[in-house]
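Annotated features, as they stand in TrEMBL:
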DOMAIN    A:46-116  domain 'Cupin type-2'
2 protein chains.
Amino acid sequence: MPKINLAAIQQTNRTGYPVPFAAAVYGRWVRKLGPDSGLADFGVSHVVLKPGAASSQRHWHEDEDEFVVVLSGQAVLVEDDGRVAMQPGDMAAFPKGEPNGHHLVNESDGDCELLAFGRVPTGDAHYPDIDLRWSRGGYQRKDGSAF
Amino acid sequence: MPKINLAAIQQTNRTGYPVPFAAAVYGRWVRKLGPDSGLADFGVSHVVLKPGAASSQRHWHEDEDEFVVVLSGQAVLVEDDGRVAMQPGDMAAFPKGEPNGHHLVNESDGDCELLAFGRVPTGDAHYPDIDLRWSRGGYQRKDGSAF
C-alpha cells in the first residue's frame, strides 16, 4: 500500500550533534519515510517540532538540496536575511552551495509538523552561528579539532 | 529568499498526453518549484487538482521514485489494490520499478492542493488502464506505434 502509515514508522529525537549543540533539537521528533517506503532517489523526513525546538542548528550544505513544507502548526524560518513566519502550506527551498544558513524554530506553544526533503550529503556543511562544521563524514570544531 | 512565493511561479495545465488521454488532466494546474528555487537533486511540483481532475493517467515508472503529500482538499488515491481517501497531511510513496499503477483523482467539489516529488525519468513508464506507454523519451501506443 503506497499510502504512508505514520504510526507504523519509528520516531526518534536522536541527534549526532555534539554537546552543547544537541539541546536545540531534543524536541525534534523525526520519522524517516524513505526506508520503509522503498524510496532511494531522495530522502523524506516527517518532523514534529515540539515548542522551542529547532529543525537543526542553522546550517547550509555544499552538496545537498533541501526543501521543507509545513503541514501543521507554526514555525519561524531563520536565515541570513532575517526571520519569516511559516504557516501550514508554506514551503522553502535551500539549494546546495548557497551560503545562507537556515533552520526552522518552533516559537509557538503547539507542535509544528513539517516534511523535509534532501539527499545524503557527502560534502561539508557549515554552521555560521556556532563553532561546528560537518566535514569528512563527521562533526568537528571549525579549526578541525575533534569534540 | 528561500521561502517559496507561489504567486510568482507560472502555473500551467499543459500536458504531453496524446488525445484522448489528455482530458483527464486539463484540470491539473502545475507549478514547478525547482527551477526558480535552484533545486537540482529532485523535482518539486505544486499541483492544484480542480474538481474531476486527475494527477495523471494511472501509471508507474521503471526508474523514478515519486512521493506525494496532500496540502488541502480531498483526493482519492487509485492503485492496483483499490482506492484510498487522501486528506490534508496524507502522504504516499511510489518507489521506482514497483508495477503498481497509481494516480490521485479529485472527486470532491473543491480544489485539492498537493506536492509531488520525483526526478526526471529516463526509463519507461507504464499505463495499465489505457493503450499508452512512455518509452525512448516519448509516448507511443503499447504496440510501439506513434500517435
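Just so you know, glycine gets a Cβ as well, placed from its N, Cα and C.
If you take every residue in the domain 'Cupin type-2' (A:46-116) and average the pLDDT, you get 97. Shown for the domain 'Cupin type-2' (A:46-116): DSSP residue counts in helix, strand and coil, namely 0 helix, 38 strand, 33 coil.
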